[in-house]
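> Structure below; questions to follow.
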Amino acid sequence: MAAFIGSLPWCDVELNLASSCFQRTAIAFVNLLFLCIFYLFLIASCVSTHFIVRGRKKGWIFVAVAICCAITSFIFLGVGLNSLIHGGNDVTEISWVACFVEGIIWVSLAVSLLVNGSKWVNILVSVWWVSFALLDLVAKSGILLQGNGIRILDILTLPMSLLLLLCSWMNLRSSSAAAQDCSVTGLSDPLLTKNPRKESARLATAGFFSILSFSWMNPLLSLGFKKPLSPEDIPSVVPEDEAQLAYKKFSQAWDTLLGDESSTKERNLVFRAVVKVYFKENIFIAVFAFLRTFAVVSLPLMLYVFVDYANSDHRDLRNGFFNLACLVMLKLVESLTMRHWYFASRRSGMRIRSALMVAAYKKQLKLSSLGRKRHSSGEIVNYIAVDAYRMGEFLWWFHSGWSLSLQLLLSTAVLFGVVGAGAFPGLILLLLCGLLNLPFAKMLQNCQTQFMIAQDKRLRSTSEILNSMKVIKLQSWEDEFKKKIESCRDDEFTWLAKAQLTKAFGSFLYWMSPTIVSSVVFLGCALLKSAPLNASTIFTVLATLRVMSEPVKIIPDAISAIIQGNVSFQRLNNFLLDDELKMDEIERSGLDASGTAVDIQVGNFGWEPETKIPTLRNIHLEIKHGQKVAVCGPVGAGKSSLLHAVLGEIPKVSGTVKVFGSIAYVSQTSWIQSGTIRDNILYGKPMESRRYNAAIKACALDKDMNGFGHGDLTEIGQRGINLSGGQKQRIQLARAVYADADVYLLDDPFSAVDAHTAGVLFHKCVEDSLKEKTVILVTHQVEFLSEVDQILVMEEGTITQSGKYEELLMMGTAFQQLVNAHNDAVTVLPLASNESLGDLRKEGKDREIRNMTVVEKIEEEIEKTDIPGVQLTQEEEKESGYVGMKPFLDYIGVSRGWCLLWSSVLGQVGFVVFQAASTYWLAFAIGIPKITNTMLIGVYSIISTLSAGFVYARAITTAHLGLKASKAFFSGFTNAVFKAPMLFFDSTPVGRILTRASSDLNVLDYDVPFAFIFVVAPAVELTAALLIMTYVTWQVIIIALLALAATKVVQDYYLASARELIRINGTTKAPVMNYAAETSLGVVTIRAFGTAERFFKNYLNLVDADAVLFFLSNAAMEWVILRIETLQNVTLFTCALLLILIPKGYIAPGLVGLSLSYALTLTQTQVFLTRWYCTLSNSIISVERIKQYMNIPEEPPAIIDDKRPPSSWPSNGTIHLQELKIRYRPNAPLVLKGISCTFREGTRVGVVGRTGSGKSTLISALFRLVEPASGCILIDGIDISKIGLKDLRMKLSIIPQEPTLFRGCIRTNLDPLGVYSDDEIWKALEKCQLKTTISNLPNKLDSSVSDEGENWSVGQRQLFCLGRVLLKRNKILVLDEATASIDSATDAIIQRIIREEFADCTVITVAHRVPTVIDSDMVMVLSFGDLVEYNEPSKLMETDSYFSKLVAEYWASCRGNSSQNLQL
């Protein structure tokens, strides 16, 4: 029987890795571990069918091998049973136990061969089979080499091992085929058919060995080495990593948890949903992490064995080679498992990140008005850019946390096994060091939470300011708003500094704890005499403590990262649980047979649920299909809220709302997406040329198209910032017309266009193109009211009157007041006495015909000039290829941190020198009998303590270097952005700037400073290790230098592609954030058109485009590290081989331990160096991107000391335009073509002209938002181009075309600089008709203003802007379409206020309403950038002037109302 099964006594001898006992026990342990994991999944499959794949049968080879395994199992079990019954009484004889264990393992192998599992189960069992076979073959080879007897069963099972290798290869091939089958399922179909799918990453089709070695990355890296990678070279994400699939799984889990009442009581449903979806795949990641931990902890034992072998009197080369083979195996397991653990955890993290980003985006599409008030656009972008993005690394930190904790425990066991009770004092000290991490972890948690709160506040303010930069520049508020951003950053920086200094002290503890603990352990050994202080013991202890130091250092960081993740989970949870729009509050259905289009009965609606008085009260409304309904009323009456009630956007308090048919919505504030004009009009619908051209003409856009360099394919900036207000409004209207909806909700669509264009839009668009549609039109243009079917008059949230035009006139009251106000404005228009209304209409028609001829001629002239077109939005710039040391030098140079950098480097050099000296002392002293243990430990402790000062200096100087750089770069970046010309903001989407202000700055804050020193530290340590190894065995330097050279080649090969991947990734992040920000601003329009699903699918594509670069970057990193580990392992194995081959006595055992201890750290140090060098190379791209914006060309200085105007300037307000020519870009055509005229002091000048004639450009030139190409502007004799911008803009007042309010309160919106008293503010409010409204609010001047003033109507926002200029009281006032969004009555009041308050001022009024400028002293008429006319309006009216034709056309548009009301 002994010959059959062998004898397995207890291991009662000294530790020997070559012993049969140890080998069989280790193999059994590994197999039992795999067995347990396998059965866990088998049990899980009984509950869920996810892991058992039906429909795919195993091949006959698997069945045959399974039968053989089962037979082998029965043999082992039978032999074991026989041994148990007939064995001897010796308790040390346990062969029957070994047989039973072997029998269980073999029968489990049989089961695993027959089970059809998912991809991950197949990988698990394949790894098990390969591990079993290789370990079995190595063990039996070792027995044969040692000359020991081999069991008969070992011979019988040898072919089984080879068959298991074959099965593992076949199993992995079948898994790859299954993955390819999955790639053609519906989930992989392109989401947007117009964008065909690229070839996916080669991982989807890679074989087992290609996956194992990351060789599937070779084609991409080879391409990147030959040329800089471009976005076209990047493959698409593999189907199983797509954002759609990730979100689908998350959404299902989320819905399940929401439906479970017990789950909703839990604090964080987002975390639970993530665990529910990704728990199972992370078990496999945990297996990799466990195997790596097991291999790392075993390495100190290998050191013990090698030193013991070198000190042995009877050295057997077979044992030496076996020890070397074990070392190779352990390093191989460590390397492969670590690389795949890192890659798999980040890949899983990427899926979580994609799922949460998409979930946050989907949520904002469903967020209620209250939810949108609680979560600003900037905050939503932050949830995506920071919180969800952080999940890409969360799983890596999580697995690091538990696996390093396990590593600490196993290392403790090894330490006790080597030195016994002597380890106890050291472990107590190590425990104390660990406990010290707890307060640090709490401090870091608090710092991180507060940092993120401060960061949210800063990014929200930054987003708001960037979106309103034009107003800020016009008002010269840059300094004040920059201080606001800097104040937010100061709060953020305070917590950043605390966090970084806390981490610096934690870093000090990490580096010092092994040194201090080792001294205490040696002291314990000496006092307790638990182990001799020889070379084996000392260097095994040092190696073990080095293994233990990694957890001590990283566990606090892991805790910090997990805490950060928990904070992000909580923030996302709060967001995803917020109120959603209640779609059941309105009933939506197809066209009704009764002909009803909109029906509201007893409707009460309120923006604020806690408000006792609803915003809209007792609304009764029934509109038939095809009716044209106008809604009018004073500012703040609730007109826009009524449209929101129809859309379901305003919370319903009571009543019913029914809408029959599809809806198209045109918002009062234009919402334009980044992209082409055509894309904005088509809005995702297929191109139908006939319908498209009809929509263009109906919205009077056909003439504008020729003004754009690329026609309707011209790229426009974010929110259409580089289009005029009229162009944006007409594009928005064309979008609605092209949509071919049933019900049209138009919110004051004509406010931003001139009277002629408004007439064209009303007649050609509303009356002709939409003649069979239902239209609800909110308007202040009274001239169109007589041509609608029904008019609703609103006051204070109620419909006070309803009926046809004539009926309402007869009723009088509110409607009569509106009409009278309009008539008062119209009747001031001077008419020649011999003109009748009929003549006027005829003149208007004749003028229109002549005007069209003029326009056509001008267009022909434009076409003949053949000026090259210029895209309004520029493609994001990025560096290409290797840029050398410039970004690194920029980082140090901008922060002026050379002194701190060299202090850090010298601190690290001093630390490494003293550490090497301390270990060399141990190696040297243990061979000298005269040196006592006290002296040995004492000198070691003194030298080690000296190194403490250096490592502390390094940690503190590094932290201060990072903080100094963060402050310098933020300051430079902020200054550059605020000083950038307006052209920069016109051509740069806000998302690009926000990406630099958020994720790039975050990298600069946290990653770059420590990356610098973490490159220096391992470089110094690597040098020290090679010097020591060369000192002991000089021959190793040959291999070491070759390995280093090869490492450099591989590293450079990798970096050529990695740099471009990171750069491209930098350009893919911004669209993701930009798209989310745009969606947040236009969510009402998106929901109204019913295009939320299309936007959602577009966003999925953007997320995938970003995710694939994260995926490839991580895969490339693992590719390079695996190869570098292999190269450095060659150096390690060479060193070990030399130590085996060198005769005994040639090298002292202490030096053997010293050399091998440094050799064991060689791979880790090189990997650490490579990883941090690559991390620094990648992170420095964020520095490069921020520095890129720090070099933006500046606009002229705010103040020029030697050119400052007198404090009383301008005392008169006279403006001279001298041959003024303006173009926006060097290659663009002239927008103003040599204008010359004079605005006399105290005059009121009206500026009129068609949309796009150059009116707004003239105002931009006056405020120097754009500099003249030639010519100049003189104010009171001073050339404004010669003085500072602040001196100019502070002396000018403007009410802009788009009224802008900022988040805060009423007081700060009226007086951002805080220079006026409350009395002055109240007086200004009274004059601008807002005092009554605000005095009724609970908080008066401190009442809140939400993002972009959304809780105030557009008209009220315009009145706030009027209040600002009333406070400033400058000598020159500009009104840029200032009354376009208010009713005629309020317009008349404002004009009266301006006449009274600015009687002695020069007032420049740009207007579309002729009555607004008709009482001006002078009128300037512009056409296509030329000054057509400039004279008194009365004189212009006496001739056949361009202005008289504009008046005539305004009369023509008002003909219905004018004829009726002039008779009243």
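Every residue, even glycine, has its Cβ placed from backbone N, Cα and C.
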> Given 742-762, 931-951, which one carries Swiss-Prot's transmembrane segment label?
931-951
> Would you mind telling me which of 391-411, 538-558 Swiss-Prot tags as transmembrane segment?
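The range carrying the transmembrane segment annotation in Swiss-Prot is 391-411.
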> When DSSP is mapped onto helix/strand/coil, what comes out for G1249 (ATP 2 binding site)?
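Note: G1249 (ATP 2 binding site) is in a strand by DSSP.
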> Which sequence positions outside the transmembrane segment (909-929), separated from its termini by at least 6 residues, show Cβ-Cβ distances below 8 Å to it?
511, 515, 533-535, 538-539, 542, 935-936, 939-940, 943-944, 946-947, 949-951, 954, 1017, 1020-1021, 1024, 1028, 1148-1151, 1153-1154, 1157-1158
> Near S1256 (ATP 2 binding site), which residues of its chain come within a Cβ-Cβ distance under 8 Å, counting only those 6 or more away in sequence?
S724, G725, Q1297, D1376, V1406
> Please report the number of other Cβ atoms within 10 Å of the Cβ of G1252 (ATP 2 binding site).
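So the number of other Cβ atoms within 10 Å of G1252 (ATP 2 binding site) is 21.
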> Give the number of CB atoms, excluding that of K1255 (ATP 2 binding site) itself, located within 10 Å of its CB.
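K1255 (ATP 2 binding site): 25 neighbouring Cβ atoms within 10 Å.
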> Neighbour count, 10 Å Cβ-Cβ cut-off, for G1249 (ATP 2 binding site): what number do you get?
25
